[in-house]
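Everything below concerns the one structure shown next.
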């Protein structure tokens with residue numbers, strides 16, 4: 001072993017502190033190694049007495065063993081030193097005084113800042129590690145024991161909720177109202193006033209969407225002591241009731257309602273697209289449209305298509321790209337608009353129309369759609385357990401009248417009990433246009449089926465073979481056969497026998513209660529049967545028999561639906577108007593005559609009869 005290697009093996013690093021015992025042990029090892037070196041040199045040197053080769057090997061092995069022990073001891077000492085340093089850092093950390101937090105109020109050119117902390121407003125210095133230019137008003141900062149700003153945090157995420165009354169002229173302050181109707185002026189934190197944030201700002205404060213403009217009625221997260229509003233809190237109850245969307249439904253997706261679509265286009269699109277002509281003829285555009293008719297016949301679908309078509313038409317008029325056409329469809333969930341607290345329903349209605357006005361002020365068409373309109377705007381005075389309609393209806397009337405001088409907004413209502421809606425809403429000047437969405441006849445049913453049974457669907461090889469592989473001819477024949485079966489006045493299609501108050505009787509078939517939703521359900525059943533057939537037989541494709549079987553199943557599911565307790569009320573909802581019905585008897589095969597029930601007294605007819 002060379003001298004350098006020996007010194008490295010038995011040496012100690014300069015920066016390693018050793019105890020007295022460790023030093024003594026190392027010194028003993030050095031002396032012993034020196035003696036061994038002398039013995040080795042005397043054994044192999046030119047003047048020494050020759051010794052046996054075995055003694056030389058023993059001495060070398062002894063030296064290697066001592067070197068290994070010394071190296072292991074050095075590693076142990078290094079690990080112990082590292083542990084001592086880590087413990088010392090932990091002790092120093094635990095012994096540090098507590099840090100305080102405050103809200104940044106403002107910054108100054110001399111690298112000082114105003115901070116609100118512990119109920120006081122103080123001017124403090126900043127650590128050199130803090131970039132003053134990145135600090136933002138309302139931000140939380142950490143202070144050391146000397147009240148020096150040492151760290152910048154995010155904005156406060158908890159606090160009191162206050163309602164915004166208005167934003168003041170400077171744009172940085174706002175008037176808010178607390179829970180006890182206490183008004184106060186607060187500063188708006190940076191996220192509420194800045195449209196973009198600089199690079200290097202904390203990621204928690206960056207958002208892909210720029211903050212929208214604050215509007216009266218917004219809920220704000222406020223620290224009343226510091227006098228700052230940090231965040232706009234979405235109103236869950238209003239967000240749930242109003243769905244802002246750009247509908248992707250077009251008129252081409254709707255079948256069997258050509259005449260009704262033409263009516264609503266005349267009522268809605270013409271005033272928007274040809275405003276100059278309307279002004280020239282001094283013609284006031286309609287404020288609203290009522291779509292009424294039986295359930296499942298496409299009222300909501302038409303309303304969505306109106307918003308989609310209107311956006312594209314206005315984009316064409318302006319010369320914009322129709323693919324980037326923008327419109328808003330505010331879909332109001334009628335029954336959920338009702339609230340047990342006095343004044344809440346009216347407040348929701350005000351907020352809905354306020355949002356519509358804001359969207360329309362940007363030049364974008366806005367459709368405010370009230371589904372199930374009869375549930376919230378029924379005739380005043382008809383309530384049994386509640387008189388909420390006495391205030392809700394006037395609120396809607398005032399909002400509709402307020403739309404008079406506002407462009408790009410139209411109200412569309414949908415109901416299957418238009419007779420229950422308050423007459424003041426339906427009068428000319430409010431919901432001017434009334435369009436009845438009727439049940440589809442055989443011709444309309446073929447049009448609806450063609451929307452669902454397209455040439456892209458897989459068709460069974462046997463059915464295609466009947467038409468020499470002509471897929472369009474096969475699909476057309478399928479539609480004709482299924483419509484003939486659905487609209488045939490045969491015994492299997494007999495549904496009800498109704499008795500009117502004057503004693504007349506009438507037999508009703510399933511076709512009298514058909515709807516677009518039922519047709520879609522028939523097609524969906526057939527497609528499911530085709531999938532099951534593929535799994536069972538391995539032969540893919542839709543067959544006419546799948547459609548015919550689906551009609552039978554659909555009719556069977558509907559045989560128990562007629563309400564025999566209040567037959568006239570049920571008939572009105574189903575779209576049957578005219579003479580009052582007092583008796584219903586089901587005619588479906590296998591049904592017992594006990595399923596029918598006569599209504600003889602006026603007291604049992606319900607509140608609408």
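Backbone N, Cα and C atoms are what each Cβ position is placed from, and that goes for glycine too.
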Annotated region 'Disordered' segment (source Swiss-Prot; candidates 1-25, 26-50): 1-25
DSSP-derived structure type at residue 301 (ATP binding site), helix or strand or else coil: helix
Sequence-distant neighbours of residue 298 (ATP binding site) in its chain (C-beta under 8 A, six or more apart): 254, 256, 257, 437, 516
Largest tally of Cβ atoms lying within 10 Å of a Cβ, found at which of the binding-site residues 299, 300: 299
Which of 297, 301, all binding-site residues, has a Cβ with the fewest other Cβ atoms inside 10 Å: 301
Other CB atoms, at most 10 A from the CB of residue 296 (ATP binding site): 19
